[in-house]
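Worksheet: the structure to be examined is printed underneath.
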Amino acid sequence: MAFSTRLASSLRPALAALHWAVPRQCRGLSTHQGSEPSLDLGGIFPPLATPFSPSQEVDYAQLEGNLRRYASIPFRGLVVLGSNGEYPYLAPRERVEVVSCVRRALPRDRLLLAGSGCESTQATIELTVSMAEAGADVALVVTPCYYRGAMTTAALVHHYTEVGDASPIPVVLYSVPANTGLDLPMEAVITLAKHPNIIGLKDSGGDITRMGLMVHKTRQEDFQVLAGSAGFLLASYAVGASGGVCALANVLGDPLCQLDHLCRKGQWQEARDLQHRLIEPNTAVTRRFGIPGLKKAMEWFGYYGGPCRAPLAPLSPAQVEELRSTFSANGWL
């Protein structure tokens, strides 16, 4: 038995106790027809931006400052080391330290999802165990993609099954084709949803038909689908998604939690009006300007954004003005 697997098995009882201690909240709009989920993911999760100093070192003091500001927003939890956290640019040591820092500051009733996906199955298992030790409640595991042509349904099912078997904490699949060029196949999702330690999927692809079909096909399982963007959050809820992991929540956390609330209450006209005002700002801090745009917008709303790590470059003055105009035109500035 591999060392990482033995370690995962030894850690599982203690970490499971922490996992079950997290209070459940309402299921939301999911069409799951079985018993209540083992760990409810319903609600809004901001995928935290990692703050860097001017010398591009992780700035833990600024991270703690942002966390204090987020504490007043009714998020279900936080995602650390997702795409918006500049995960590929962090050293393994930094990844663990960031998770530890966030766990210390985060109340126990809020979930901590930590990115642990690597290109190899072995490395993913080892990092997942480290994230659990650092205090993560759930591992968010992105699809391996470097050898994209070889990532068949069978290969991905094998990869995630091995990770799910070895992980001492629940696993959420993460499909982000804009970054990986790889959409997790429907057949793989349906198969993996049956795994007792794989509890959900963050889908950033934006295909609402596909998302609704995944909810439908996994409705008998303990499995939840999370929207991966604020731009299609309302539509995702309408087809049965449980919550959202939304970059824009780093900036407009309260409005996104309000949209979540309106959808759960069935106040669809108000929800639609609010969704409309969020689409352009969301596009601006994701597809249009990416993480440099997200960090610049954070500064306008009282958070620390700061620089990105190279080779990500800061926005030009013209881009900053366009970004500001987008938020102003929708009534946010």
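Glycine too: its Cβ is placed from the backbone N, Cα and C atoms.
Annotation comment: TrEMBL describes Tyr174 as active site, proton donor/acceptor. Sequence-distant contacts of Tyr174 (active site, proton donor/acceptor), defined as residues of its own chain at least six apart whose C-beta falls under 8 angstroms from its C-beta, comprise Gly82, Gly115, Gly117, Leu140, Val141, Val142, Thr143, Leu201, Lys202, Ser204.
Per TrEMBL, active site, schiff-base intermediate with substrate is recorded for Lys202.
Annotation for Val245 (pyruvate binding site): same-chain Cβ neighbours under 8 Å, separated by at least 6 residues, are Phe45, Pro46, Pro47, Val79, Gly82, Leu113, Lys202, Leu226, Ala227, Gly228. Per TrEMBL, the feature pyruvate binding site maps to Val245.
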C-beta crowding around Lys202 (active site, schiff-base intermediate with substrate), within 10 angstroms: 27
